């Protein structure tokens, strides 16, 4: 910026590429810190990343001759104006809250953008002021980063003044739920697109042209990123709004791109009208978050109506005027959202009014949006449900196809972005989220339909069709039809609504096929797309309504075909939360009555049965169909549950158990008469091998509480033999179906690593071995064992059992046993303890 415009220090293309690289690094830093305690830092990173991305793309277009150097001012000023205001607002909030470094960086870049606008507008102004601001930003950023690096390298011993960061415990008060950094960045992107479209109306730039495409599409890409972050924040409504606004920005950029070919696309009426209806419904339901957010979304309802009212859409004054209003409102929203995000003092936004209104209405009950609300059907997911956006995309894509082209060039009609972006890109995103949530059917539908919308939109409205209709295209459509037959058949087992949904899309595929072979009846394609659009709208409305209200619910119907298995209306066993003592008691009663249940542990979910119910143990063994080399194990809540049989066990073993438990350590010990005390009966053959048995005290409060209520339990992993471990409570029933009689639910497993299995069959000789090294490392186990041996050498025994020890109940010659153990240890303490082979392990097949 210190060089003259006629003699650039760095060529425009190289400058653009450098800015894109820096933008990518900043975006990575912002996303990594997103949804954490450093939300203001994340907002600054992502906002500046969008600035470098948009301006970098503009410089590349200038360097490649797509945009003329004389048009550089018109291309840069709208974007720079938006970021000048946005960064000034974020920097001011940081300054008020005494975030000195962030405030300096944000305000410094804001002033640099302002000076750059002045330099582009007035030739005599020069760029030295811009260069000075960026130099100061570089110095502050360099000082802080070097200070942090020194602090990390020296482990905090050398920390320059002002480079310290707050600990997470100190930042807890700065994170307010319901207002994340993604909201601030999304508002900046709305500010950016509004600035680009409002500038032609205000006379700042002559008109919307190719140089504005980088800004608009940068805003669209970042809005898609914010959509994903909102799903991570479990905010379905905000994610849907971000998806809608991203779609608008891609359409605006597409219209600006066509100006390069001297085309101003004609905007058909049906699509923006339908889009305004979807925005209106979303805005009404967003009132449950805050009145301010709902009112803000009503501006986009007006924007869609303005697009429908004017044939040239984004190029006409009415549409641009609404964007000018959105620019002003977005700036105020950005100030409020950023301040509320990090301040303990909140600016009122009208929260709670929607809930108060609903409570006064009879027949309506709001759904509690707690942690379990977005629990996936199968597996663990960090994302909220994306079906609202997915079905809305199908509505938009379907009604976009109702536009008639006539004799016009397909590119002259604004249909392509609505079909390809809404029906394609956004649907693929929703399908990916559904897949992450374990919704196999929904993810298949969204991804499959998204591919079809993309291919058909590009073919019919992207100019790829040409003037020919051929059999080659119809072959591909027929393959899609055959696949959709499978989807339709699967929907029979789900509900009536999904069957109608898949069947009507099959009718759309038939219209595509007839059009490909040139035999499409007049009006058939419009009719079936309207029908599919209405069915998709019903799905959109039902999901957004049912996710808001507990009752009443918009029905989707019953399955047309029912089976006796899962999903066919079969009885589902009790699934109760592990956080309630009453729930644990309920599972305990099921087990006492001979039931087998799924239970969370410190590793993965397991299938359990009470040891004093041999019939339950046999039932669990048959459910698992376990091979003889993979027997069940025995778990206790504490070593005190072994007290009745302590005189039959080695004192060294008891001390080792006391020192090692509770933990993820399973101990393989010799079988003996002590096992008969627990009422196993004939079922004892299913636990352990004829020579040994694995026993464990889990390091899990829920599991130990349940075992203390039931008594010692027989345990096996909660998955059919040969399948992957069960890492979520929803997977227990999905894998074992009605064979399990209760599930104690505690969300995702804390660890997906097997327990460490220690061979204690020869512990009296001073040796222990390892069948498997899992969560607890071998060195830690050996350290515990050596400490126990050291205490025994000094005559220290287990204090838990000392008061009740009677010589007649213990082993005949305990002192001689201890002496032999000590002597054996002295002979082998410098040797490596033996490790058992996998073939010898009685529990190696059980990761629990």
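For all residues, glycine too, the Cβ spot is worked out from N, Cα and C.
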Any idea which of 162-183, 294-315 is down as transmembrane segment in TrEMBL?
294-315
Given the cut-off of 8 Å on Cβ pairs that are 6 or more apart in sequence, determine whether the transmembrane segment (104-125) and the transmembrane segment (187-209) share at least 3 such pairs.
no
Ranking 187-209, 321-342, 441-459, 471-492 by Cβ pairs under 8 Å to the transmembrane segment (294-315), which is first?
321-342
Within-chain partners of the transmembrane segment (441-459) [C-beta distance under 8 Å, separation at least 6 from its ends]:
387, 390, 393-394, 397, 415-416, 419-420, 422-428, 430-432, 434-435, 465, 473, 476, 480, 483-484, 487, 490-491, 494, 498, 501-502, 505, 509, 512
Could you tell me what the rest of the chain brings near the transmembrane segment (246-263), counting residues at least six beyond its ends with Cβ under 8 Å?
66, 189, 193, 196-197, 207-210, 212-213, 216-217, 219-221, 223-224, 227, 300, 303, 313-315, 396, 409, 411-412, 414, 416-418, 421-422, 425-426
Tell me, what is the mean pLDDT of the domain 'YrdC-like' (581-776)?
86
Could you give the residue numbers and ranges of same-chain residues that sit at least 6 residues beyond the transmembrane segment (187-209) on either side and whose C-beta is under 8 angstroms from one of its C-beta atoms?
47, 50, 54, 71, 74-75, 77-79, 81-83, 85-86, 215-216, 218-220, 222-223, 226, 245, 248-249, 252, 255-256, 259-260, 314-315, 317, 319-321, 323-324, 326-327, 330-331, 333-334, 337
